[in-house]
Amino acid sequence: MILCIGAEGGGKTLLLRKLQSDHKASLNSAVQATNTSSSNNSSSAVVNSTVPTTGVNITTLLKLNPDKNKPNLELIIRELGGSMSELWSSYYKGVRRLLYVIDAANMSQLASTTLLLMPLLAHPNTQKMQIALVFNKMDRPLPRDTSELLAVLRYDDLQQYCRQKLLLFEVSAVSGKGLKALARWMWGEPRPKPESLLQ
Ligand SMILES: Nc1nc2c(ncn2[C@@H]2O[C@H](COP(=O)(O)OP(=O)(O)OP(=O)(O)O)[C@@H](O)[C@H]2O)c(=O)[nH]1
Ligand SMILES: [Mg+2]
């Protein structure tokens, strides 16, 4: 189980929808490749409009099991709406990986993220978590360059303050940028190469 949180409008719902659609497309093509009959690849376009999540959204990602005699592998992601940030901590228990999604084009959201991350990182139930800070909306013109974004977030202070290692991903749920690397991390696969964000 993966937990996906972050302030309102950061793009969690769209990001998970896009990941799900990409997984569906690659599962379909993997299945077609193993069948002799050919049929159309049915990767469907993702609708970009969303409504704010008022409670909990569950998204399931599926991929082909390398052992063909076994069922598909399944990854369950629980998204908590940004409007329920006061309740996030009641969902930390038992979570191994956490996606924290940030609207990188929104400076005030970026600055207030530090205040949301501090109690999260200090919480007893997050100490063993692997945490990904996901800078989303990288398709939009950014008001600052990425090293300045990290300064606004006070990334160095956060990293010193916490025991967990914070991984950084730059993505766009709209263009698809960075989603493959993020998906690999979510499945627990090794990262192919460092992303551009200072690591
Ligand atoms: N340009 C751009 N817009 C995005 C991107 N990701 C999400 N959006 C838009 O941002 C808005 C909010 O996206 P959501 O996915 O609903 O945000 P959320 O984090 O789930 O918000 P809550 O559920 O309220 O916490 C929507 O209009 C999306 O279409 C992105 O990568 N690029
Ligand atoms: Mg949402």
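Just so you know, glycine gets a Cβ as well, placed from its N, Cα and C.
Please treat TrEMBL annotations as automatic predictions, because they have not gone through curation.
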Original post:
Do you know which of GLY81, GLY82 TrEMBL groups with GLY6, ALA7, GLU8, GLY9, GLY10, GLY11, LYS12, THR13, ASN136, LYS137, MET138, ASP139 in the GTP site?
Top reply: GLY82
Original post:
Which of the three DSSP states, helix, strand or coil, fits ASP139 (GTP binding site)?
Top reply: coil
**OP:** Give me the largest Cα to Cα distance among GLY6, ALA7, GLU8, GLY9, GLY10, GLY11, LYS12, THR13, GLY82, ASN136, LYS137, MET138, ASP139, the residues the record lists as binding GTP, in Å as a whole number.
**Re:** 22
Original post:
C-alpha of GLY82 (GTP binding site) to C-alpha of THR13 (Mg(2+) binding site): distance in Å?
Top reply: 11
Original post:
Hey, what's the Cβ neighbour count for ASP139 (GTP binding site) at 10 Å?
Top reply: 15
Subject >> Set of same-chain residues at least 6 away whose C-beta sits under 8 angstroms from THR13 (Mg(2+) binding site) >> reply: THR50, VAL51, THR53, ASN57, GLU79
Subject >> Entries of GLU8, GLY10, GLY82, LYS137, ASP139 (binding-site residues) sitting next to ligand 2, with Cβ under 6 Å as the cut-off >> reply: none
